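The structure appears right after this line, and notes come after that.
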Amino acid sequence: MPRYIFITGGVVSSLGKGLASAAIGALLQARGYKVRLRKLDPYLNVDPGTMSPYQHGECYVTDDGAEADLDLGHYERFTGVPASQADNITTGRIYSRIIERERRGDYLGATVQVIPHVTDQIKQFVLSDAGDVDFVLCEIGGTVGDIEGLPFFEAIRQLGQELGEGNAVFLHVTLLPFIKVAGEMKTKPTQHSVKELRSIGIQPDILLCRCEIPIPPGDKRKIGLFCNVKESAVIEGRDAASLYDVPLEYHSQGLDTEILRCFGIDDAPAPDLSRWQGISETIANPDGEVTIGVVGKYVGLLDAYKSLIEALAHGGIANGVKVKLKWLDSEQFEKDDPFEPLEDVHGVLVPGGFGERGVEGKIAAARFARERKVPFFGICYGMQMAVLEAARNLAGVTDAVSTEFSDTGESVIGLLTEWTRGNEVETRKVGDDMGGTMRLGAYPAVLKDGSKVREIYGQAHIEERHRHRYEVNVGYKDRLEACGLTFSGLSPDGVLPEIVEIEDHPWFIGVQFHPELKSRPFEPHPLFASFIAAALHQSRMV
């Protein structure tokens, strides 16, 4: 049976519980253990698929089509363990299941209540489908004291009791603010956070204290005394220079050792952290720098592009260079000269998005890259905008539009109404529910012989993750190819365009999928590695 680690947070949100969970998973892996990571989100949405990126940040997509919290991206990048539908649960999903069962009569006339029915569903989620692993790490979203989080805290309290001593560890991430005017660190927020946690029946075993400066020994003793934990279990969590330094920093503070001690494991293998040390060294000592202009809609909250940012960093790691990102609001491009802000970049990337806002700015960015021979990477919506640009300015389809934002003109981009998943055909129509109705998850594609993407991937058949409900109309394929836009990747049935490229260009590729979701620091996605290599070449030409 696996052992369970429950990660909670207090004082404020955004303390890095997701990163802490991912780093702990990586440290346990470095000792030879198998891990699984899960996220429990207390919000009432069934999933984050219909939430604004400004509200929630990125919506992460798994191979099996789950629209999930961005923390699952951290989990995958740090551990390499693919996440699934079974690794993210929300209050909305739990209540939906319970109400469905109640309507069927499954509760045999009982009064359906938060305890035991909601808490039992949460416990079932935590314990089910764990697989053959040594540790399951469960992160509870939000902070202790949140009303919506109470059923989750009660469920893990019960699990701690039911699993028994030595099978469950509670780790609480908290804040130790440093008051500059007073010149001292304050422990009261942490004490009150732990007091709140203990009031609902959970005694933390370990405190991961986020702070700006080292914790004085006296404060460590004080925290341990008032929070009822060992002094060695008060772990310092200072900001790291790089995301990928976090496992090394936490190991240096003894976090993984303390976790194993709490489980009664004193004969664990020593960790092999050589891979993490190598990544840290590469990031700290880059051999050059490239600037990538990212023309997006949600640049006001960079968490909306979390996986993209990391995938570009992985491309930099693959080439031994630092990747500097220049964020450009696509809507601003519609008001000002779109070319001027891009003059100093070595590559242009247009990421995914939805809706009409900023469309013409993205199209202008694609035109700049095509005409100036600057490396261009269009992802999902970005590929569609590159196709519209080519249709308008190369193929003469001057009124080319997407039905996503216009009903007039030639629909070069249209609603995706039918596609194949395995041996089944999925269909959608106008008016269907918005949530969970896109083309989601991993789908195969076939690459054209002799194409740039075929060379980049080094194989003819690939599988990538999708999240879209609009698609390039394959009926325009011949007309666009005659003008130089090659359809170099198609679905196996040849119906859905997956990749386009321009042969007479140093590097111009658009993909309908999201390659950033499968990039890892130790295995940079080949498209991002190649894109940064092209940008590096461009930087040495100017």
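Backbone N, Cα and C atoms are what each Cβ position is placed from, and that goes for glycine too.
What Swiss-Prot records for C380 is active site, nucleophile. Sequence-distant contacts of C380 (active site, nucleophile), defined as residues of its own chain at least six apart whose C-beta falls under 8 angstroms from its C-beta, comprise P351, G352, G353, H466, R467, H468, V511, Q512, F513, H514.
The active site annotation in Swiss-Prot covers H514 (among others), and the record cites sequence analysis as its basis. DSSP assigns H514 (active site) to coil in the three-state reduction, outside any helix or strand.
Within 10 Å of the C-beta of E516 (active site) there are 27 other C-beta atoms, taking all protein chains into account. The active site annotation in Swiss-Prot covers E516 (among others).
Secondary structure from DSSP puts T190 (UTP binding site) in a helix. The number of other CB atoms found within 10 A of the CB of T190 (UTP binding site), across every protein chain shown, is 27. Residues or ranges marked as UTP binding site in Swiss-Prot: S13, K186, T187, K188, P189, T190, Q191, K222.
Annotated CTP binding site per Swiss-Prot: S13, D146, I147, E148, K186, T187, K188, P189, T190, Q191, K222, in sequence order. In sequence order, G10, V11, T174, L175, L176, P177 constitute the residues six or more apart from P189 (UTP binding site) in its chain with CB-CB distances below 8 Å.
Under the heading ATP binding site, Swiss-Prot lists S14, L15, G16, K17, G18, L19, D71, R238, D239, A240. Under DSSP, D71 (ATP binding site) is assigned to a helix (H, G or I) in the three-state scheme. Packing around D71 (ATP binding site) is summarised by its Cβ count: 26 other Cβ atoms lie within 10 angstroms of its Cβ, all protein chains included.
In three-state terms derived from DSSP, E404 (L-glutamine binding site) belongs to neither a helical nor a strand segment and is classed as coil. Annotated L-glutamine binding site per Swiss-Prot: Y54, G353, Y381, G382, M383, Q384, E404, R469, in sequence order.
Annotation source Swiss-Prot lists Mg(2+) binding site at D71, E139, citing sequence analysis.
Swiss-Prot lists 298-541 with the feature domain 'Glutamine amidotransferase type-1'.
Per Swiss-Prot, region 'Amidoligase domain' is recorded for 1-265, and the stated evidence type is sequence analysis. If you average pLDDT over the region 'Amidoligase domain' (1-265) in this model, you get 95.
Reported as a whole number, the C-alpha separation between I147 (CTP binding site) and S13 (UTP binding site) equals 14 Å. Secondary structure at I147 (CTP binding site), as computed by DSSP, is helix. Between the candidate binding-site residues, Y54, Y381, the densest Cβ environment within 10 Å is the one around Y381. The CA atom of E139 (Mg(2+) binding site) is located 24 Å away from the CA atom of K188 (UTP binding site).
Summary: among the recorded positions (K186, K188, K222, R469, H514), the fewest other C-beta atoms within 10 A of the C-beta are counted at K188.
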